[in-house]
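Step one of this worksheet: look at the structure below.
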Amino acid sequence: MALLYRRMSMLLNIILAYIFLCAICVQGSVKQEWAEIGKNVSLECASENEAVAWKLGNQTINKNHTRYKIRTEPLKSNDDGSENNDSQDFIKYKNVLALLDVNIKDSGNYTCTAQTGQNHSTEFQVRPYLPSKVLQSTPDRIKRKIKQDVMLYCLIEMYPQNETTNRNLKWLKDGSQFEFLDTFSSISKLNDTHLNFTLEFTEVYKKENGTYKCTVFDDTGLEITSKEITLFVMEVPQVSIDFAKAVGANKIYLNWTVNDGNDPIQKFFITLQEAGTPTFTYHKDFINGSHTSYILDHFKPNTTYFLRIVGKNSIGNGQPTQYPQGITTLSYDPIFIPKVETTGSTASTITIGWNPPPPDLIDYIQYYELIVSESGEVPKVIEEAIYQQNSRNLPYMFDKLKTATDYEFRVRACSDLTKTCGPWSENVNGTTMDGVATKPTNLSIQCHHDNVTRGNSIAINWDVPKTPNGKVVSYLIHLLGNPMSTVDREMWGPKIRRIDEPHHKTLYESVSPNTNYTVTVSAITRHKKNGEPATGSCLMPVSTPDAIGRTMWSKVNLDSKYVLKLYLPKISERNGPICCYRLYLVRINNDNKELPDPEKLNIATYQEVHSDNVTRSSAYIAEMISSKYFRPEIFLGDEKRFSENNDIIRDNDEICRKCLEGTPFLRKPEIIHIPPQGSLSNSDSELPILSEKDNLIKGANLTEHALKILESKLRDKRNAVTSDENPILSAVNPNVPLHDSSRDVFDGEIDINSNYTGFLEIIVRDRNNALMAYSKYFDIITPATEAEPIQSLNNMDYYLSIGVKAGAVLLGVILVFIVLWVFHHKKTKNELQGEDTLTLRDSLSRALFGRRNHNHSHFITSGNHKGFDAGPIHRLDLENAYKNRHKDTDYGFLREYEMLPNRFSDRTTKNSDLKENACKNRYPDIKAYDQTRVKLAVINGLQTTDYINANFVIGYKERKKFICAQGPMESTIDDFWRMIWEQHLEIIVMLTNLEEYNKAKCAKYWPEKVFDTKQFGDILVKFAQERKTGDYIERTLNVSKNKANVGEEEDRRQITQYHYLTWKDFMAPEHPHGIIKFIRQINSVYSLQRGPILVHCSAGVGRTGTLVALDSLIQQLEEEDSVSIYNTVCDLRHQRNFLVQSLKQYIFLYRALLDTGTFGNTDICIDTMASAIESLKRKPNEGKCKLEVEFEKLLATADEISKSCSVGENEENNMKNRSQEIIPYDRNRVILTPLPMRENSTYINASFIEGYDNSETFIIAQDPLENTIGDFWRMISEQSVTTLVMISEIGDGPRKCPRYWADDEVQYDHILVKYVHSESCPYYTRREFYVTNCKIDDTLKVTQFQYNGWPTVDGEVPEVCRGIIELVDQAYNHYKNNKNSGCRSPLTVHCSLGTDRSSIFVAMCILVQHLRLEKCVDICATTRKLRSQRTGLINSYAQYEFLHRAIINYSDLHHIAESTLD
């Protein structure tokens, strides 16, 4: 029994456990489904069999029920997420129960039960709900009077409603919850889905004003829905006077603020009390409730009043508020009438200004009303403007005005308090400047070729622009030719002209043929800007060549036969393609006296020309060659054509005959009827022979005696007539047919006893016509004289003859060079400031080399030699060209310079030589060529008044015109300004100082100080402003001319003068980059509209010519990658004498061009500095970055000026140098005052270094040694150094600096050094010393800045730049503020060797000045200049890169770019 009991108990436990687990499973499987009332919801379950039953509670749902839809769908296994362990798929079913239009009654448990199998079931709990929503509420804005009751409500739809509803419904005020609101709120349930939520106040007061919001929250506290209702509690208004001010003798301005009590103000009432009276009275004006300010009037002047204000709304009147102070009216009304004037204008704007109001009226004027009207009989208002009063009284600019139009302006002052304005000012007239004109109308371009003179011209005509936009003063004509030649494609021009109004046409002569010309014409108004261009074009037809070179020929013996060998020149086809060449031989009849021009000579056949009875000289075509088969050497008289290939000859002749279509192939001679012998008269039968017998002798190599014999024989031959019937038809060779058209070109055997000449005919095809050009006659030649045999290679006599001749020539050359060498070493090395000297070597070189320059045939030369031609030098060859000429103490330069022409056959100086004009020349040998001189307007009919020592000089490709002039003298300043005015000059380049070498070089032709004015004749000059840079001064001069006639407009102009400061007479700048930058600055502001550039120095030839030449050569180098220095200077000297006056200046051209060719433009502007330097430092995939390449060029560039270090290298001074590699140059070393009884006491290892302004601003020194500390302090005292920079560490060792000061004071010879105090700063230590020269009892205060942050490793630079920047700022500012006036007082900096660290500091000081004053830097040029002044400066790429990095940081730190934009 016990066992049975235990088993029954165990079974019962298992059953109970199963039931419990099943209950848990059932409970866990119930799914909750929220169903929105009014929407549909679907319940899904899966089963293995199709038969399932759906129940709601215990009620089975019928499939036919209208509110339910039941469907079953088969689906694959695992779709419900269960695992399928069988190997093959089996089918399950998805059962869906859809509840339609859910309502509250649909709430309950739904069960899906399978009717077969294990009766699995799935239970769903459906809970209907409605989302909360406010259906209705109190109006959005509700008003209640104070102490009235009010109820706010919200009708809310929501389901289910339960115990949490009260907690989830809240009223908020102004967005916040308040506990008192729960006290006044209530909830009333209307039905299962609607409730009313109310907020009720029995009495409302001002504090109940606000916005209330009924809100439904969820259980987490998030807002579900809400509705805002604003409650306004109305009360009487409250008004307070904020501001009161008397604005007139009987007016007071009031301004107030108001609380309207949530009800619009209807009226304001003002009560007032006059001081001294007991009661307040109402003001006559009732003020509308919309006002917050008002002007009260009808007060007594200069009387004090007390004011009150009351506001009224629908609730009632508020309490009166009184302004605390009494208001006293003015004794007069404040009236200000501005005095207006125009202060500036442009083409579309006019700026006006007026005087500021007096101080006592400023408070009553807040703005101005301005009116601009277009002038006329009835002024037309263009614009009205409001301009606020400002403390700076800034002017006002009207824009968008018409150009060159008169306007009238009026201004009146207005008060913002009274809303009234004072009287208008008087009308002021202003005129806008001229604008940009539209294009000229009716532009006509005609290309014309004159067949007689063969001249080409282009006629251009135009009319005024349709809309000039001002007064047109001139027209700019731009003519550019595009050659049609396929061989020579060099562009013609551009040629630029300026034609003054009222002329509307111009003529370009001597233009090139075979060119398509494009012309642009633009009008220039007084605004100096080009107008819209009108463009046209025309085609100049082809023409024959301009020149046919000399044809050389000689007689040769070919196979025992006499023939003529011609050397044909290659002729340019620029003017048109040459299709054929024809060679004519002329057999000269010795009775002829002269030949007609080749084009007039009758042409016969070979047979006719060689007839024995021909009595006049005739020509025949000996050879005809097309351009296709052109060859430079031709044999005549060999009875052969130029080629033995018949196909070539046929093709050649076909080309030439086609070229000659429409033109007779031969010019046939007239038929000559010869009378019987004896009756032939000279006048009918003879042509005169050549008139110049010398040419005949020379051409035939005959003596006078031989010539007489030859003429006698030829006359005998002519008298022997071989045919009685027709002597003309007799021929030398009777076997040749008398005439055959196929033999019109026949190179027959020549008559050895006849004189021959010839000429070359060039044929150019122009559409339907053939154009011919003819060479001059060849030199006369007689084959009968000894001919030059065509030598065989085995002819030893020939080679022996050549060897003897060559040896003689070589011996002569050796002798000449020996003579040159002797005279070269005897010549004085120190030339007198570059003046030209003519030595024996000069004479010999001129005799040897002549002046071989094909482009300068007008040079005055000796003999028949042509000028020297150096030829163009490619950019890459500039360095070698400079070095080759630099050898042997600049012998190459000297030889080339001495070949420059000083005189020209086509240049005269008659006007300069006139007695009346001699006093106008500063130097008697510097004259102005008559052909290119600047002519002034004649005064009172005196012709000599048109003279000034100045010439027009054309720049590269005629793109720029200069006027090169001598510096004005006191007696010529008026003429100088007349020239500036008449030539419309706007840019002056001055290259001299007023005094040099204690001699006057130029008179001062501008006023003394800025804002001063000075009269020069009719010209009034005002010194407007001045800007100084390191190399030059830029001055702005405003110039006007006295009116010639009453009513004439006064013409005002602005002239800019660029005064270069550091170029001495006869000399050349030591560093080329300064003058190159100067030229670039001038070019950046130059335009054709600004007229020619006036350049002058003292004489107007040396420095002036060098600058003009350099400007042209730089342009040529940039465009062509090569330069022709010699030819350029020759061309310039042809326009003004002696341009580039000294050898040093000529050498400088090479140096400057080498600099430009090597480095280009290295200037970096501040606005692009960061990106430009980043681009330089950006490394390509392979190779080095641009900055590294630039630095390597910098290291490779040798200093062209030899600099000795002899003093520092003396054995006695070696112990004073830390390194024998770093020695100061003699030329700029610091020289100490010698000490008595002590030798070599003047030396210290220190160098003067030029600063930004090219003065010796700095001293760079090595760290003093123990034995040179006294010398160091002597240098400080003698140079009056007040600022000392130390960039080294104190200590012992080769790279350390000894402590060269004591804690108190120490004396070195006569120098006493007293230490005062020190101050530690973040990047440096500052120390003060007193240095006393005991000899002269002079004490100097010296401030030392010791930099603390430099890396101790040699060659390293600081990682960050801030420390150096701070040092530069502090030290350089101290130097500027404390340097001793009247002496150099240079800033002295020292490091170990006086190289790397010191050079970085000095470079940064220079670059900072450059950046601040010019808004750009040239680190490359600054580095090159520094390196030329002391060995070892900026000697590594790391240092060079640091400068670039540091200057960017300096600009960013000091916001220099931003200040530039401002």
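Cβ atoms here come from the backbone N, Cα and C positions, even for glycine.
For 1-28, the entry in Swiss-Prot reads signal peptide, with the evidence type sequence analysis. Under the heading domain 'Ig-like C2-type 1', Swiss-Prot lists 29-125. The N-linked glycosylation site annotation in Swiss-Prot covers ASN40, ASN64, ASN109, ASN119, ASN162, ASN191, ASN196, ASN255, ASN429, ASN451, ASN516, ASN613 (among others). Per Swiss-Prot, the feature disulfide bond maps to CYS45-CYS112, CYS154-CYS214. What Swiss-Prot records for 237-332 is domain 'Fibronectin type-III 1'. Look at Swiss-Prot and you will find 334-435 tagged as domain 'Fibronectin type-III 2', backed by sequence analysis. Feature annotation from Swiss-Prot assigns domain 'Fibronectin type-III 3' to 439-547.
For ASN451 (N-linked glycosylation site), the spatially nearest entry among the recorded positions CYS45, CYS214, ASN429, ASN516 is ASN516, judged by CA separation. For the pair formed by ASN516 (N-linked glycosylation site) and ASN429 (N-linked glycosylation site), distance between Cα atoms is given as 50 Å, rounded to the nearest Å.
Proximity of CYS112 (disulfide bond) to non-local residues of its own chain (separation of 6 or more, Cβ distance below 8 Å) is seen for LEU43, CYS45, SER47, VAL52, ALA53, TRP54, ASN95, LEU97, SER121, THR122, GLU123, PHE124, given in sequence order.
Within 10 Å of the C-beta of ASN451 (N-linked glycosylation site) we count 9 further C-beta atoms, all protein chains included. The Cα of ASN191 (N-linked glycosylation site) lies closest to that of ASN162, out of the recorded positions ASN40, ASN64, ASN162, CYS214.
DSSP assigns ASN613 (N-linked glycosylation site) to coil in the three-state reduction, placing it in neither a helix nor a strand. For ASN64 (N-linked glycosylation site) paired with ASN40 (N-linked glycosylation site), the C-alpha to C-alpha distance reads 17 Å. Using ASN196 (N-linked glycosylation site) as the reference Cα, a 10 A cut-off selects none from the glycosylation sites ASN40, ASN109, ASN162, ASN255, ASN429, ASN613.
The most crowded of the glycosylation sites listed here (ASN64, ASN109, ASN162, ASN196, ASN613) is ASN613, judged by how many other CB atoms sit within 10 Å of its own CB. Its own atom aside, the Cβ of ASN516 (N-linked glycosylation site) has 15 Cβ atoms within 10 angstroms in the protein chains shown. Mapped onto DSSP classes, the domain 'Fibronectin type-III 2' (334-435) shows 6 helix, 47 strand, 49 coil. Under the three-state DSSP scheme, CYS45 (disulfide bond) falls in the strand class. When the glycosylation sites ASN40, ASN191 are compared by the number of other C-beta atoms lying within 10 angstroms of their own C-beta, ASN191 comes out lowest. Most buried of the glycosylation sites ASN255, ASN429, judged by other Cβ atoms within 10 Å, is ASN255. Helix first, then strand, then coil: DSSP counts for the domain 'Fibronectin type-III 3' (439-547) stand at 0 helix, 65 strand, 44 coil. Note: the CA-CA distance between CYS214 (disulfide bond) and ASN40 (N-linked glycosylation site) rounds to 31 Å. With DSSP states grouped into helix (H, G, I), strand (E, B) and coil, the domain 'Fibronectin type-III 1' (237-332) comes out at 0 helix, 51 strand, 45 coil.
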